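Colleague: Below you'll find the structure I mean.
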Amino acid sequence: MKIGSKEFNIGERTYIMGILNFTPDSFSDGGKFNDIDVAVKHVKEMIDNGADIIDVGGESTRPGYEIVSEEEEISRVVPIIKAIKEDFDIPVSIDTYKAKVAEQAIEAGANLINDIWGFKKDKDMAKVAAKYNVPCCLMHNRDNTEYKNLMEDILNDLKECINIAKDAGVKDENIILDPGIGFGKTYEQNLEAMNNLERIKELGYPILLGTSRKSMIGLALNLPVEERIEGTVATTVIGIMKDACDFVRVHDVLENSRAAKMTDIIVRR
């Protein structure tokens, strides 16, 4: 799979996506990297620590988050994407579910669309992905937590996302799937999904796992956001062991990169 100018050999190793929230209210690091110079320094740190992709977000998706306008989101993400691309040769992902934001981000240099609604919120998203021929990550999400059979329902929901993408002209080789840990699921459902991650492989696409510092970890370990590094690392290792983690999206790049590398050495020989 090619993302930007970089080739990603799926199955060879686990790739690290470093999170850069350019927002004032993200659940984990809101407001921390709101200044472009500070953000660029953090990007360099993530790259030095093993990041293969930088995921830029301009709207928090934490529970109860405030929806921002397309214009506001564009004004947040475009300058930082341009700054990253100017200073570093690394693929950039745009974390958005809005087509206009995605298009402006790609024009600014973004190489991948990461949509927490799997192209279901804004149907023009698939058209943008097809138009620019960029890879896209389709995440499982729901407005509710009512499932008849959790894993079967997740697979069926993801199939719908895939069909939306392909009907718009997105190429098969440009699709990545995300089981959506922490979205549209209860604590118990998140644990069940984690324990059955290998089922996502049945759909035949690369998988991105995003569990970093999430409430599932906080509830399990009774820890605040800033103390969830070890719990996140555990989920990264589990994902790799289940052969269901080609990309891992994390805040704490160094710790997860090292854990992923060690796990890869053991299981991907």
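Even glycines carry a Cβ here, placed using N, Cα and C.
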Colleague: Determine which of Asn114, Asn149, Asn156 appears in Swiss-Prot for the same (7,8-dihydropterin-6-yl)methyl diphosphate site as Thr61, Asp95, Asp178, Lys214, Arg249, Val250, His251.
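Modeller: The one candidate that Swiss-Prot places in that (7,8-dihydropterin-6-yl)methyl diphosphate site: Asn114.
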Colleague: Can you give the mean pLDDT for the domain 'Pterin-binding' (14-261), rounded to a whole number?
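Modeller: Here the predicted model's pLDDT, averaged over the domain 'Pterin-binding' (14-261), is 95.
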Colleague: Does anything in the same chain, at least 6 positions from Arg249 ((7,8-dihydropterin-6-yl)methyl diphosphate binding site), have a Cβ under 8 Å from its Cβ, and if so what?
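Modeller: Arg249 ((7,8-dihydropterin-6-yl)methyl diphosphate binding site) has long-range Cβ partners Met17, Ile19, Asp55, Asn114, Leu208, Leu209, Gly210, Ser212.
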Colleague: Would you mind checking how many other C-beta atoms are within 10 angstroms of the C-beta on Val250 ((7,8-dihydropterin-6-yl)methyl diphosphate binding site)?
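Modeller: So the number of other Cβ atoms within 10 Å of Val250 ((7,8-dihydropterin-6-yl)methyl diphosphate binding site) is 30.
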Colleague: Let me spell it out: for each of the binding-site residues (Asp95, Asp178), count the other Cβ atoms within 10 Å of that residue's Cβ, using every protein chain shown. Which one has the most?
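Modeller: Result of the Cβ crowding comparison: Asp95.
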Colleague: For the binding-site residues listed here (Thr61, Asn114), which one has the lowest count of neighbouring CB atoms within 10 Å of its own CB?
Modeller: Thr61
